[in-house]
Amino acid sequence: MVSALPHSSFSSSSFMTSSYMPGYAKLNKRGGAGGWSPSDSDHYQWLQVDFGNRKQISAIATQGRYSSSDWVTQYRMLYSDTGRNWKPYHQDGNIWAFPGNTNSDSVVRHDLQHPVIARYVRIVPLDWNGEGQIGLRIEVYGCSYWADVINFDGHVVLPYRFRNKKMKTLKDVISLKFKTSESEGVIFHGEGQQGDYITLELKKAKLLGSIYGHTSVMTGSLLDDHHWHSIIIERHGRNINLTLDRHIQHFRTNGEFDYLDLDYEITFGGMPFSGKPSSNSRKNFKGCMESINYNGNNITDLAKRKKLEPSNVGNLSFSCVEPHTVPVFFNDTSYLEVPGRPSQDLFSVSFLFRTWNPNGLLVFSNFADGLGNVEIDINEGKVSVHINVTQIKKNRIDISSGSGLNDGQWHEVRFLAKENFAVLTIDGDEASAVRTNSPLQVKTGEKYFYGGFPMQMNDSDHSLFQHSFQGCMQFIHVDDQLVDLQAVEQGKLGSFANVTIDMCAIIDRCVPNHCEHGGKCTQTWDIFKCTCDGTGYSGATCHNSIYELSCEAYKHLGKTSNYYWIDPDGSGALGPLKVYCNMTEDKVWTTVYHDLQPQTSVGGNSLEKLSVLQLNYSATMDQISAITSSAEYCEQFISYSCKMSRLLNTPEGNPYTWWVGKANEKHYYWGGSGPGIQKCACGIERNCTDPKYYCNCDADYKQWRKDTGMLSYKEHLPVSQVVVGDIDRPGSEAKISVGPVRCQGDRGQRGFLGCIRSLRMNGVTLDLEERAKVTPGVKPGCSGHCTSYGMYCANGGKCVEKYNGYSCDCSKTAYDGPFCIKGKCFTQEDLVSRTLLSSTDPETTATDLNLNKEELSFSFSTTKSPCVLLYISSYTQDFMAVLVKPSGKQLLWALSIEGTTDNNTRLTCKIGKIDQDIYKYNTPGFTGCLSRVQFNQIAPLKAALRPTNASSHVHIQGELVESNCGASPLTIPPMSAATDPWHLDSGKVGFVPR
């Protein structure tokens, strides 16, 4: 599009001579000196092209100056409709810098990630060949663009009236483009007498959409930049796509209705005055719109052809009125110096600014005659004024106002000072203006510095504030005079460094929000940060779940049965949920509960033919689906108790009762049966009360009957609803029970399990340990589960490696449970004297029996004394016994060892009956609880109560009853070494036979 343009369409910041004029900057042309070169090669140079009207631009290409050492290696592209208020091209959320050339003649072309529409394009060189200077030839690729434009003055409203007085639509498509300098204003609005309405408006320069009166969504940011923004709204029923500048947001409206009822008309540019409360509180839109389309109707064309009647108030025109503002863009090395009127007794400045930084210098100026200076800062989000006064002892006056002013919005600052008086006003709020009457003498100086200082200023002239301003300013007034910033840009007024005049290159790094899972995004000019508090996630973008994926994972960490938060999809879109993890069995069960009470009654003279029972779970359906999908097996108990209330109406009738599962599908099978089989458990097992039916309840007895069983087809779980029929007859009653969803197994842990080391990719050895530190599910180092979690196997339990985890082998201990912490115990109250428990170890060898050391441990509780707790004998006269003395306050340890133990001797542990020597202590017998009994590797109680290989060697006389009495045994402080008759230096009890 450039090659055919005349020289008059080109302009530049400067040119070296007439042979280097910008008109020669055409790709592959050799006219003049073979391209454009400015008089100075610095960062203030630019080349500009005017296409005469708006074009849709899709690509750009560059060359250096022909056959020279002059070329640009990096540049930015700005674009504009008016040759003012420039906008930099953005890509991937940043102001884009295009790579340039590496020589003078090769062509480097870049296709734009998204096309831009503009009349003017400006190329700003960022870097160039160090052995030459800036030299440039360009070409811009694109096509023609045309659109009808409507200008709204903030008063006029454009209505589009429906052909019918009412419009009831299932599907709507509304599209338009707008640009404005205002942060508030209604773009379009429609409403109906039924309370439905649809509104799209600007709120704090963001786009707010409201529909049906109870659904709102906000998107976008910084939309008051007076550049074109594109909107498309697509609605189908309650599903809506809102597209703003190519960013699509999907959402679903609340409520139950799919149709949108609107009365009479939809208005653009504001809300009609109807007397309704909704029409009075919102500002009208002020700015330009183009390509307005409502359900296929070209609104802008109809308005231009005067087919629509605008409101009588205001003025509707068909050319876009451009604002007269000239923004200034500052970076952290910028300053803008403008002259004032010196030696005045009134100091007055005002301006608008926008920034993301909480701190920065806004204005600094020295008073004349050494009277002091004035400094205006943004400090922790508020505007502060510091007046340094040199002629009085109290040499500093500080005032501040506002809060949260680093929100990216435009804010107005007005400060006025005169003798013994100063006032600071923010955003025109006179009621909140801050005043001071401190002693003050004012005489204005010659220069006012905005945003920073020149490097050559004396240290004594600097402010105490060290942060330069990063952001934009406009409407800068000094001593009640608007500063001519274009004269500053042309070098006719003041000076500047590293500022860009007529452009505000502010970026909202939090839109779209890169913080996941509801993390809060905050930003400064250069970076954004995510606050993850309360989200259940961590990391730079709240991506990593702080919870484990499953109950299986908690077991690997040594946790016991309890409620835990899990995150079954890890860093996915689903949030964490609280479940009960049952780890008392070998398999770990994940349990999700609901609020339906057991044996919920339905029927009983009910006039309703159907009763619907809704189950509300402690998690969403999507979260439960994530659990069932990753589990190996799931089940849910369901029970139907009936009296004259048929269930599935077997063998061939239509079911009276059904349940609703995942995806809202109805299911006509019952617990104990399976999909597609209209039977109950008794029908599968052929044991129904009446064999003619496949469910007990289908026999329609007047007595209570029951059909129960497990639903185990996990693709259908959970049960979300039970619909009960056949309850409207006299005498019909039913009771429903539905258990929680229980799942076990974790398919998510079927990935690679093991160690990787020395990984090389493309010849490069990767630092796996550092990567593992930030990767969920991976840990540095190389060890098995037992190395990491073996310590959780308590009381001598042995850790055993498994493919997907570990288990604790408790067979050699007196304990049970997944971590060998559950002790086996029994209780006996009146038959203890006739109870004999003895055991021999089947794995004991002759060598093992030549013992020179034994260890004994057990727990007990009792309320009666004296009694025998434990007695260990041999086939010789040797024995060991533990007794409770008659006082009940002391234990008596009795030890008798005679001779040397024969290698063929088999030790026998006895609890209850004792030898004659201590028979008197066994009357009337032991009453209480014994648990955790272990002698060396022998656990007689456990062998008696749990079938093991040692069970055949256990002999029980009388009745042995398992109890939980020893779950929390009393803990008695150990005796001191001075009073403990069994104390040994080793700290353990040892027995050495003679």
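Cβ coordinates come from backbone N, Cα and C, glycine included.
Because the structure is a prediction, the values reported are computed rather than measured.
Feature list (source: TrEMBL):
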- 1-143: domain 'F5/8 type C' (DOMAIN)
- 149-320: domain 'Laminin G' (DOMAIN)
- 325-504: domain 'Laminin G' (DOMAIN)
- 506-543: domain 'EGF-like' (DOMAIN)
- 542-594: domain 'Fibrinogen C-terminal' (DOMAIN)
- 783-821: domain 'EGF-like' (DOMAIN)
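Proximity of the domain 'F5/8 type C' (1-143) to the domain 'EGF-like' (506-543) is established through 3 or more Cβ-Cβ distances under 8 Å for residue pairs spaced 6 or more apart. For the domain 'EGF-like' (783-821), same-chain residues at least 6 beyond its ends with a Cβ under 8 Å from one of its own Cβ atoms are 552, 555-558, 560, 583-586, 746, 749-750, 753, 755, 857-858, 931-934, 937, 939, 941-942, 946, 948-949. Mean predicted confidence for the domain 'EGF-like' (506-543): the pLDDT average there is 93. Residue counts of the domain 'EGF-like' (506-543) by helix, strand and coil are 0 helix, 10 strand, 28 coil (DSSP-based).
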